[in-house]
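K.L.:
I'd like to ask some things about the structure below.
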Amino acid sequence: MKLLWQVTVHHTWNAVLLPVVYLTAQVWILCAAIAAAASAGPQNCPSVCSCSNQFSKVVCTRRGLSEVPQGIPSNTRYLNLMENNIQMIQADTFRHLHHLEVLQLGRNAIRQIEVGAFNGLASLNTLELFDNWLTVIPSGAFEYLSKLRELWLRNNPIESIPSYAFNRVPSLMRLDLGELKKLEYISEGAFEGLFNLKYLNLGMCNIKDMPNLTPLVGLEELEMSGNHFPEIRPGSFHGLSSLKKLWVMNSQVSLIERNAFDGLASLVELNLAHNNLSSLPHDLFTPLRYLVELHLHHNPWNCDCDILWLAWWLREYIPTNSTCCGRCHAPMHMRGRYLVEVDQASFQCSAPFIMDAPRDLNISEDRMAELKCRTPPMSSVKWLLPNGTVLSHASRHPRISVLNDGTLNFSRVLLIDTGVYTCMVTNVAGNSNASAYLNVSSAELNTPNFSFFTTVTVETTEISPEDITRKYKPVPTTSTGYQPAYTTSTTVLIQTTRVPKQVPVPSTDTTDKMQTSLDEVMKTTKIIIGCFVAVTLLAAAMLIVFYKLRKRHQQRSTVTAARTVEIIQVDEDIPAAASAAATAAPSGVSGEGAVVLPTIHDHINYNTYKPAHGAHWTENSLGNSLHPTVTTISEPYIIQTHTKDKVQETQI
């Protein structure tokens with residue numbers, strides 16, 4: 001009995017002790033929370049706001065606030081300041097709100113956000129700035145928002161989006177830039193760094209050209225509606241291999257070029273409603289293997305041969321939604337019919353025509369090459385390579401690609417590329433093929449037996465009459481070859497020229513080198529001729545200067561030229577002697593002005609000498625006796641005779 005009482009008491013104590021321990025633990029937890037709250041300061045809700053959920057949600061909407069109110073609790077996780085008159089966000093305004101996750105500043109009059117305005121918001125997940133007056137993107141204010149996932153900037157008068165505008169928030173997953181009606185410029189690097197972005201809204205931004213979206217490698221949803229895209233070209237969505245939803249509604253699109261959607265391999269939903277589309281290129285949606293939702297309604301579709309492939313594709317891949325893709329607008333007898341109801345029996349269609357067929361090409365190794373194949377824009381183009389590979393615009397090859405116009409492009413040809421290449425053009429009525437031979441020679445060797453002829457082989461395939469009543473299906477193209485129902489082959493010999501062996505392959509490179517060599521020769525010749533003319537002119541100038549200097553020197557030398565003086569004795573007082581002297585005069589002296597010389601008694605008295613310059617004639621310094629009459633002459637008579645070399649002075 002005693003043992004039973006002890007067991008009962010033991011169980012009773014255990015039953016009482018457990019609730020006591022539990023209540024004690026709860027009291028301690030409550031005390032700790034109170035102490036923590038006391039240490040953090042008093043948690044009071046601003047008088048102009050309403051708070052709930054223990055101050056974690058603060059709502060201050062429609063209070064006419066011109067600035068962020070003071071005293072917002074530090075444990076706030078949700079702050080709504082929408083529909084006020086806040087004009088500026090100053091730095092460190094929210095510095096104490098470390099737990100804030102959602103900040104709503106939409107529908108204010110914010111014109112400026114200072115750098116550091118969002119400092120301290122390490123936990124911020126969503127930032128709403130839509131319907132404000134921002135003219136620039138406040139990139140500097142996004143610093144340190146390491147957990148930001150959503151950014152709303154819709155309906156602001158932003159004029160441009162510069163490069164790296166959002167690179168400070170690489171964690172961003174949703175970006176709303178819709179209704180930027182003042183937007184005029186988007187930089188090529190505007191979206192650099194947003195490799196985590198999943199959703200982008202650029203609707204109603206007055207965009208006329210598709211911006212560069214290549215950095216958005218992870219983008220899954222793209223809204224481009226309400227813009228002005230007359231055309232959608234290939235490469236517009238380059239790099240968006242992860243895109244799943246694309247909306248281009250009400251954007252005035254009138255033309256979508258073939259291969260425009262080739263890069264969108266993951267696309268699931270495509271909306272092209274409310275545009276100006278009348279037809280689509282053949283097999284436009286073939287690369288979109290996962291496309292299950294397509295909207296083409298409210299477009300002026302022209303139901304002719306170019307629309308047959310689309311009608312078949314809609315019946316084949318979207319059988320449950322016949323009203324998704326609109327009705328025929330033309331011709332009149334087809335107006336109002338759904339696209340899925342259009343069949344081939346209503347039309348007489350022909351196979352596509354190759355307007356510019358490829359031509360045989362001889363080329364050296366390691367060079368670029370192209371084989372053209374220009375076709376109607378509503379047809380599809382594929383190329384069959386010599387090894388059996390079929391390439392389209394969407395195919396990937398390290399060196400060979402199909403351009404948008406159907407041209408087969410080689411970034412670098414190799415010897416193994418030699419062979420026949422076939423361009424295969426397809427529309428709903430049939431196929432047309434054109435082949436060309438590519439001959440690749442070694443860069444170091446000349447190609448022997450080269451011929452300049454070009455052979456173009458064109459094969460046209462049309463649907464047989466038996467196939468008209470059957471449902472249209474695309475003709476499969478395999479590497480083993482193409483099997484047409486009706487085939488006509490036409491070989492056109494453009495030109496034939498027999499050329500001897502050992503003729504080098506004419507190439508653009510050789511022609512360029514010859515042209516360059518000729519230019520160098522002409523340039524050198526011009527330089528030589530110019531130098532010759534310059535030297536000739538210089539020599540002529542030097543000759544003229546030399547002649548003038550020599551003439552001036554001769555004129556100056558006449559002053560210092562030597563003089564010859566002849567002194568002749570004359571006796572005018574003896575007439576008899578004059579007649580005798582005339583008889584004895586030499587026969588060489590005659591004519592007007594001749595002087596009759598007196599008889600010379602002494603031959604030694606005839607003197608000829610050259611006096612020094614400035615000599616005086618007052619006396620004779622020779623010491624010889626002269627005729628007595630010489631001394632009776634009062635003044636000497638000077639006769640000067642000028643010659644080229646000297647001046648002779650004669651004293652009479």
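Quick reminder: no glycine exception, Cβ is built from N, Cα and C everywhere.
Positions annotated as disulfide bond by Swiss-Prot: CYS45-CYS51, CYS49-CYS60, CYS303-CYS328, CYS305-CYS349, CYS373-CYS423. Swiss-Prot lists 41-74 with the feature domain 'LRRNT'. Swiss-Prot lists 299-351 with the feature domain 'LRRCT'. Taken from Swiss-Prot, the feature N-linked glycosylation site applies to ASN321, ASN362. Under the heading repeat 'LRR 1', Swiss-Prot lists 75-96. For 99-120, the entry in Swiss-Prot reads repeat 'LRR 2'. The repeat 'LRR 3' annotation in Swiss-Prot covers 123-144. Residues or ranges marked as repeat 'LRR 4' by Swiss-Prot: 147-168. Here Swiss-Prot flags 171-193 as repeat 'LRR 5'. The repeat 'LRR 6' annotation in Swiss-Prot covers 196-217. Here Swiss-Prot flags 218-239 as repeat 'LRR 7'. What Swiss-Prot lists as repeat 'LRR 8' is 242-263. If you look up Swiss-Prot, you'll see 266-287 marked as repeat 'LRR 9'. Taken from Swiss-Prot, the feature signal peptide applies to 1-40, supported by sequence analysis. If you look up Swiss-Prot, you'll see 1-526 marked as topological domain 'Extracellular', on the strength of sequence analysis. Residues or ranges marked as topological domain 'Cytoplasmic' by Swiss-Prot on the basis of sequence analysis: 548-652. The transmembrane segment annotation in Swiss-Prot covers 527-547 and rests on sequence analysis.
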K.L.:
Could you put numbers on the helix, strand and coil content of the repeat 'LRR 2' (99-120), residue by residue per DSSP?
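P.N.:
Taking each residue of the repeat 'LRR 2' (99-120) in turn, the totals are 0 helix, 5 strand, 17 coil.
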K.L.:
DSSP says what for the domain 'LRRNT' (41-74): how many helix, strand, coil residues?
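P.N.:
When I sort the residues of the domain 'LRRNT' (41-74) into the three classes, I find 0 helix, 6 strand, 28 coil.
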K.L.:
For CYS51 (disulfide bond), identify the closest of the recorded positions CYS305, CYS328, CYS349, ASN362, judging by Cα separation.
P.N.:
CYS328
K.L.:
Compared by Cα position, which of the recorded positions CYS45, ASN362, CYS373 is the closest one to CYS303 (disulfide bond)?
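P.N.:
Given the candidates CYS45, ASN362, CYS373, the nearest one is CYS373.
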K.L.:
Tell me which of the disulfide-bonded residues CYS45, CYS305, CYS328 sits in the most Cβ-dense spot, judged by other Cβ atoms within 10 Å.
P.N.:
CYS328
K.L.:
Cα-Cα, whole number of Å: CYS328 (disulfide bond) versus CYS423 (disulfide bond)?
P.N.:
33
K.L.:
Between the recorded positions CYS45, CYS49, ASN362, CYS373, which lies closest to CYS349 (disulfide bond), Cα to Cα?
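P.N.:
The answer is CYS373.
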K.L.:
Should anything in the same chain at least six residues away from the repeat 'LRR 8' (242-263) have a Cβ under 8 Å from its Cβ atoms, list it; otherwise answer none.
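P.N.:
Contacts with the repeat 'LRR 8' (242-263): 203, 217-236, 269-278, 280-282, 284-285, 287-288, 295, 377-381, 392-394, 404.
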K.L.:
Under the DSSP assignment, what numbers of helix, strand and coil residues are found in the domain 'LRRCT' (299-351)?
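P.N.:
Helix, strand, coil within the domain 'LRRCT' (299-351): 22 helix, 7 strand, 24 coil.
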K.L.:
Just give the helix, strand and coil counts over the repeat 'LRR 9' (266-287), going by DSSP.
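P.N.:
Helix/strand/coil tally for the repeat 'LRR 9' (266-287): 0 helix, 3 strand, 19 coil.
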K.L.:
Let me spell it out: take the repeat 'LRR 6' (196-217), skip the flanking residues so only those 6+ beyond its ends count, and list any with a Cβ under 8 Å from a Cβ in it.
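P.N.:
Answer is 154, 170-181, 183, 186, 188-190, 223-229, 232-233, 236-242, 247.
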K.L.:
From the Cα of CYS45 (disulfide bond) across to the Cα of CYS305 (disulfide bond), what is the distance in angstrom?
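P.N.:
Computed Cα spacing between CYS305 (disulfide bond) and CYS45 (disulfide bond) is 71 Å.
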